[in-house]
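Peer 1: So that we are looking at the same thing, I have put the structure below in structure tokens.
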Amino acid sequence: MPNIIRKLVENDKKELKKLNKMALQVESFADEMEHLTDEQLKAKTPELKERIAKGESLDDLLYEAFAVCREAARRVLGLYPFHVQIMGGIVLHNGDVPEMRTGEGKTLTATMPVYLNALSGKGVHVVTVNEYLATRDMTEMGELYSWLGLTVGLNLNSKSPEEKREAYNCDITYSTSAELGFDYLRDNMVTRAEDMVQKPLNYALVDEVDSILVDEARTPLIISGQAESSSALYYRADQFTKTLKGQNLNVATSDYEEGDDYKIDLQSKTISLTEEGIDKAEKFFQIENLYDMENVALTHFVDNALRANFIMLHDIDYMVDENQEVLIIDQFTGRTMPGRRYSDGLHQAIEAKEAVPIQDESKTMASITIQNYFRMYKKLSGMTGTAKTEEEEFREIYNIQITPIPTNRPVQRLDHPDLLYPTLEAKFKAVIDDIKRRHAEGQPILIGTVAVETSELISKKLVEAKIPHEVLNAKNHFREAQIIMNAGQQGAVTIATNMAGRGTDIKLGPGVIDHADPEFRGLAVIGTERHESRRIDNQLRGRSGRQGDPGVSQFYLSLEDELMKRFGSERVSAFLDRMRISGEDAVIKSGLITRQIESSQKRVEGNNYDSRKQVLQYDDVIREQREVIYAQRQEVILTKEDMTPVLMGMFKRTIDRQVDGHELAGNLKDEETVKDLLQTVQNTMLPEEAIELSELTGLSGQAMKDLIFDKVKSRYASQMEKLADPERQLEFQRAVILRVVDNNWSEHIDALDQMRQSVGLRGYAQNNPIVEYQEESYKMYNNMIGAIEFEVTRLMMKAQIQPQTAIRQEAPRMTTTASQENITNVGPDTSVSEEISFENVGRNDPCPCGSGKKFKNCHGRTHIA
């Protein structure tokens, strides 16, 4: 055994020994707690809170608090946490992940660390994969926490801001990861402190932590606003792609065949036009060169149409519902994701392909990755039955250790080696034969599929075989709880995509474990192909054999499965040829085949990890910028102090930039240069009568800066006099700063998003895209800060203040990728109207509209014309 593996095993043993000792100490309180009356046990909560207030740490209280919660669970829920569950709870309190097998009672395990950490009063967030589980767990476990005197809240997408605030103010809050992330983003877009809902992030306990922190981490959370509509171009590009000759991803056997108009890279799932395809495109769109700079936008539409038509598969990647809406199917759970949309125009391209109404494109206004959101918590932990395969990722990205926890009872499930068939047809025939055999014995069967399409194919074959069954996929997920509840009954046959009831127990019915033959005892799990992630396969197996129950699992594979096509089918085919195995019904069991499949899965997992890492690397670049902007917004919203000192700094830096810019462009002794500077100052800072050419002529650069700054201070004082009330002055200052910061920040992150889409091409020039992105984003950030300060100065100086009128400022219409909701933020009761003059603006001056662009590249185009 290599030293590194031996060391890891020894570390696990040491950790388990330590946890075992701590769990015994918790159990030593059992008799004392059992003899307490209900009132005495409930009184332990305020007593423990008082001890925390006097300086004791949560670690000091762990043994007693766990024992209190354990005894309360016995009285309220009728459940008493086992020794191994106490061990798991200690790992969770330490901010790590206990790997506990399916059915080992993770929900009950979580109650002890949740109770202990909630005693601090700083808030605990229990995070689930969907709202159904959040509601269920809050209802079931909330009874325990309420009995112990703690408050429990539920945060759902449908809740109003007031209801959300109430939920977050509870000791314990149940929510989904997406809703937590979106609430954080929304809190940093409001204009009043009272509109914020979240408290500082303290402790998050994530259920199915691998699903949330790993699988969902590839998709950033985005709040967006509407951008320009380009429906006609999407339809035109779609018409073009439908004239092309080639293969779809699901039937492709090689990347490219002679005469094809496009080629597909099966491993990376990317697509590009061949020379023949490019010729067709140039004729179709009547252009000379598809890849000319002036055709960049068209190329973008064509690339999306290619992906939509030949890479994105109906009922696998997405489905169309009865409202003619394209819904994404989560590849890891099989559930649809209402409200989420593919970015960068791909979703619109799919809508064009399916001939359904095309929704407007969106513009990013705020975004954060799952990784960077959860890394903001002071303490983060989670539970799952399948995390060891992603141990490196948890350690590197979240600084979390994985500790395997022993099962309470030995696992009795029989896990058979994979069976490999040459064709899909042969594989499905074997699957149906196995189902018939097991169904005849009354054994409950769960058939796991990767895609909706496969589940419907098997359902059709079972109908032909006259075997009654239930189908659980993205099209009828609303019946999930009911279907899973009956899946363990004698003779039940259930077909399910990967969603197969994560977090829900398949309880075995009467007589299911009594069969004389071990092969037919308990739930039989049949996998119809390997998923690209070993964790998903392990989760499917884990549906059977829960809590020491008997069970059996068997995977059926074919050389035509997608995973086999992408990685390794040629090698396996060659192996079969050498073994002289042929024929439709030929089947092989081999350790070599299993190792080859696991090797393929590791490669896919490696690719997916790299993809998530890259998403994080890009988000890390703007993380510091986001934190600075959000922190400054918070200061502006929460401050009770006059912001004049802050504004004076902005005015001074803006004046310095203007004078320095004109000095670089020309000589300050030159009359034309001074005239240009005067025009800029009069257009953006001061009334014409406040400063004259003669005052600036002959001055040095520093003297000009000092003179203009003195006059700006006087102008500012007169503006503030119109708002005699200090409170209204602060409202006005706050309204201007927030409006300018929000406009510029949303423009900035949208520009960064667009740059990220294109910066990858710089790799062809031997440049590191991440480094290029860092450098460009830093320059853009500095430009944004300059634009913010310029625009704040302009608005403060030029705004026509109407002191008697109070008009609420409303935020723009926005959309989240998970909720498609409108968010209206109400701002200060201050009216700001502005009169912008484009007269006498120098060509190279900043445009008075506040875009940050030069006048000649903005409003100057139309004004000069």
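Every residue number used here counts from 1 along the chain in the order it is shown.
Glycine is no exception: its Cβ is also placed from the backbone N, Cα and C atoms.
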Peer 1: Suppose a student reads Swiss-Prot and sees Gln85, Gly103, Glu104, Gly105, Lys106, Thr107 listed for ATP. Which of Asp434, Asp505, Asp514 should they find annotated at that same site?
Peer 2: Asp505
Peer 1: My understanding is the cutoff is Cβ-Cβ under 8 Å with a sequence separation of 6 or more in the same chain; which residues meet that for Gln85 (ATP binding site)?
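Peer 2: Gln85 (ATP binding site) has long-range Cβ partners Glu104, Gly105, Leu108, Thr109, Met112, Asn408.
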Peer 1: With H, G and I counted as helix, E and B as strand and the rest as coil, say where DSSP puts Gly105 (ATP binding site).
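Peer 2: SS state of Gly105 (ATP binding site) = coil.
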Peer 1: Apart from Gln85, Gly103, Glu104, Gly105, Lys106, Thr107, Asp505, which residues in this chain have a Cβ no more than 8 Å from the mean position of the Cβ atoms of those residues at the ATP site?
Peer 2: Met100, Thr102, Leu108, Thr109, Gln547
Peer 1: In Å, how large is the greatest distance between any two Cα atoms among Gln85, Gly103, Glu104, Gly105, Lys106, Thr107, Asp505, the listed binders of ATP?
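Peer 2: Taking every pair among Gln85, Gly103, Glu104, Gly105, Lys106, Thr107, Asp505, the longest Cα gap is 17 Å.
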Peer 1: Suppose we draw a 10 Å sphere around the Cβ of Thr107 (ATP binding site). How many other Cβ atoms does it contain, all chains included?
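Peer 2: Around Thr107 (ATP binding site), other Cβ atoms within 10 Å: 18.
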Peer 1: When the number of other CB atoms within 10 A of each residue's CB is tallied over all shown chains, which of the binding-site residues Gly103, Gly105 has the maximum?
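Peer 2: Comparing the binding-site residues Gly103, Gly105, the most crowded Cβ belongs to Gly103.
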Peer 1: Within 10 Å of each Cβ, count the other Cβ atoms and name the one among the binding-site residues Glu104, Asp505 with the highest count.
Peer 2: Glu104
